Amino acid sequence: MQGEEQFSCGVVIVAAGRGERAGQSAEGPKQYRTIGDRPVIAHTLDIFATWPGAGPVVVVIHPDDEELFAAARKRMAGALELTVVHGGATRQLSVLAGLEAVAATGVEYVMIHDAVRPFFDHTLLDRCGAALRDGAQALLPAIAVADTLKRTKAAGLVAETVPRTDLYAAQTPQCFRLEPILSAHRRAAASGRSDFTDDASIAEWAGIPVLLVEGAVDNFKLTLRRDLSMADEKLTRMAIPDVRTGNGYDVHQLVDGDGVTLCGVFIPHGRKLSGHSDADVALHALTDALLATCGAGDIGDHFPPSDPQWKGAPSRIFLEHAARIVRERGGTVTNADISLIAEAPKVGPHRQQMRENLAAILGISLDRCSIKATTNEKLGFVGRNEGIAAIATATVVYASRSKPDVDDRY
C-alpha cells in the first residue's frame, strides 16, 4: 500500500470465545488448537506482526485462557508487542473491551479481526487500509455468495429459494475510524442490545455507512471440527517444499587448437571446442538445467549465437544470468551436478577447481557441486574425439506461494 509507512491502524483480535461448535479438545477452545504445527491464534498474530500498517494490537481473551494464550504466544514465528484484555459475556462486549483498550493508545483507525480466521494476508490488509485512508468510516471485506440459498420451514422442508443477487458473505477484519465505531458500541451496550453478530451490523444500526471491499476466498472462519481439519491439511500442503529438478544437455565439436575450457577452467590440450562463446560445454548444460527449473527457456533464448556481443564470451556470464533468474523467481539452488563425456583431456586433475568455480558462481557450498567424467568407450562422435558432451542436473527449491496454481476448492 503506497504511503504505508505513514499509516498506522490499531488492531483488536477477538479471541474470547469458547468454540463449542468445534467440539471439546484438551488443547482448549478452537483458537488454541494446533493447525500445521502451531496454534490457530499464533498464525493469525504472525500476519499482523509482519504487516507494516499494524499499530497497537489488543488481544481479547477469556479470563480462563491466560495460560493458553501465553503458551500460544511463544509459538509465534515473530515478535509482536500487544496488550491483553479480558472479554465479556458476548462477542459484542468483548469487542467493546478491545476498542476501549485501543482508544487509550490514540490511534485513528482500528481493524477488528476474528482470531479463528488465520488465512487472510497482507494483500487484504493493504486493501482495507487503503480504503480507510481514502475516507471510509467503516468497511467490510466480503465475498459474493456463489451457492444457491434456501430458506427452510418446520421439519427442515424448503420454504423458498432466496435470490443471491447482491448477497455477500461477511469476513474480518472489519475496519473503522475508531471514534465512530467505539461510540456506536457504547450506545449499543447502553441500550441493552446484544444480538449483533458482527461489528458492521452495529455500524449499520448507528447510521454509519459501511463500504464493501473485496474479501479473500481463503479467509474462512474456523467454526466446526471439520474446519480445523481442513485448515491443518491446508497448512500441511503449504509446508511441502517446492523442489524442482532441471536437466540440461550440450555438445560442442572439437577442432584444432590449444586447449578446452570446462567449468571455467582452461585445460591445455591439442584441440579446442568450437563455439560462438568460449564453448564451455559444461556451463552451457548447467545453464539450461537452471533455466528449466522455472520454465525460463534455454540458453539460446537468452544468448542467441547470432548476437555478436557474445562472441568469445566467458560462459560464466550465462550461468550467472540463469542463477539470477532463479533467485528473482524465488528459487534457491541446492545442488548442481555435471557429467562430462569425453575421451580427452583428463578431467580428474582439474575437478576440484571446477567445483570451486561452480560454488562461487552459484553461491552454494562445495559439497553441493559435483563434477563427474567418463569416456564413451571409443563409441560414436565422442569416442572418435570429434566432440565433448555434458549432461547437467540442477536442483532448486522455490519459495511456497500463498495461493496454489489451481483452484483446489472442488
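Even glycines carry a Cβ here, placed using N, Cα and C.
The feature region '2-C-methyl-D-erythritol 4-phosphate cytidylyltransferase' is assigned by Swiss-Prot to 1-243, with sequence analysis given as support.
Residues or ranges marked as site 'Transition state stabilizer' in Swiss-Prot (evidence: sequence analysis): ARG21 (among others).
The feature site 'Transition state stabilizer' is assigned by Swiss-Prot to LYS30 (among others), with sequence analysis given as support. Note on LYS30 (site 'Transition state stabilizer'): other Cβ atoms within 10 Å of its Cβ, all shown chains, come to 29. Classification of LYS30 (site 'Transition state stabilizer') by DSSP places it within a helix.
The site 'Positions MEP for the nucleophilic attack' feature in Swiss-Prot is assigned to ARG164 (among others). Within its own chain, ARG164 (site 'Positions MEP for the nucleophilic attack') has VAL145, ALA146, ASP147, THR148, LEU149 as residues 6 or more apart in sequence whose C-beta sits under 8 angstroms from its own.
What Swiss-Prot records for LYS221 (among others) is site 'Positions MEP for the nucleophilic attack'. DSSP assigns LYS221 (site 'Positions MEP for the nucleophilic attack') to coil, not to a helix or a strand. Around LYS221 (site 'Positions MEP for the nucleophilic attack'), taking its Cβ as the centre, 17 other Cβ atoms fall within 10 Å, counting all chains.
Per Swiss-Prot, region '2-C-methyl-D-erythritol 2,4-cyclodiphosphate synthase' is recorded for 244-410, and the stated evidence type is sequence analysis.
SER277 (4-CDP-2-C-methyl-D-erythritol 2-phosphate binding site) has a Cβ environment of 21 other Cβ atoms inside 10 Å. Residues or ranges marked as 4-CDP-2-C-methyl-D-erythritol 2-phosphate binding site in Swiss-Prot: ASP250, VAL251, HIS252, HIS276, SER277, ASP298, ILE299, GLY300, THR374, THR375, ASN376, GLU377, PHE381, ARG384.
Taking a C-beta cut-off of under 8 Å and a sequence gap of six or more, HIS284 (divalent metal cation binding site) has these contacts in its own chain: GLY248, ASP250, HIS252, ILE299, SER315, PHE318, ALA390. The annotation divalent metal cation binding site is assigned in Swiss-Prot to ASP250, HIS252, HIS284 on the grounds of sequence analysis.
Annotated site 'Transition state stabilizer' per Swiss-Prot: HIS276 (among others), in sequence order. When secondary structure is read from DSSP and collapsed to three states, HIS276 (site 'Transition state stabilizer') falls in the coil class. All protein chains considered, the CB of HIS276 (site 'Transition state stabilizer') has 15 other CB atoms within 10 Å.
If you look up Swiss-Prot, you'll see THR375 (among others) marked as site 'Transition state stabilizer', on the strength of sequence analysis. Note: THR375 (site 'Transition state stabilizer') has non-local neighbours ILE341, ALA342, GLU343, VAL382, GLY383, i.e. same-chain residues 6+ apart with C-beta under 8 A of its own C-beta.
In sequence order, SER339, LEU340, ILE341 are the residues of the chain that are 6 or more apart from THR374 (4-CDP-2-C-methyl-D-erythritol 2-phosphate binding site) and have a CB within less than 8 Å of its CB.
Residue environment of ILE299 (4-CDP-2-C-methyl-D-erythritol 2-phosphate binding site) contains 24 other Cβ atoms, counted within 10 Å of its Cβ in all protein chains. When the Cα of HIS276 (site 'Transition state stabilizer') is compared against those of the recorded positions LYS30, LYS221, ASN376, the shortest separation belongs to ASN376.
Looking only at the binding-site residues SER277, ASN376, PHE381, the one with its C-alpha closest to LYS221 (site 'Positions MEP for the nucleophilic attack') is SER277. Counting in whole angstrom, ASN376 (4-CDP-2-C-methyl-D-erythritol 2-phosphate binding site) lies 64 from LYS30 (site 'Transition state stabilizer') by their C-alpha atoms.
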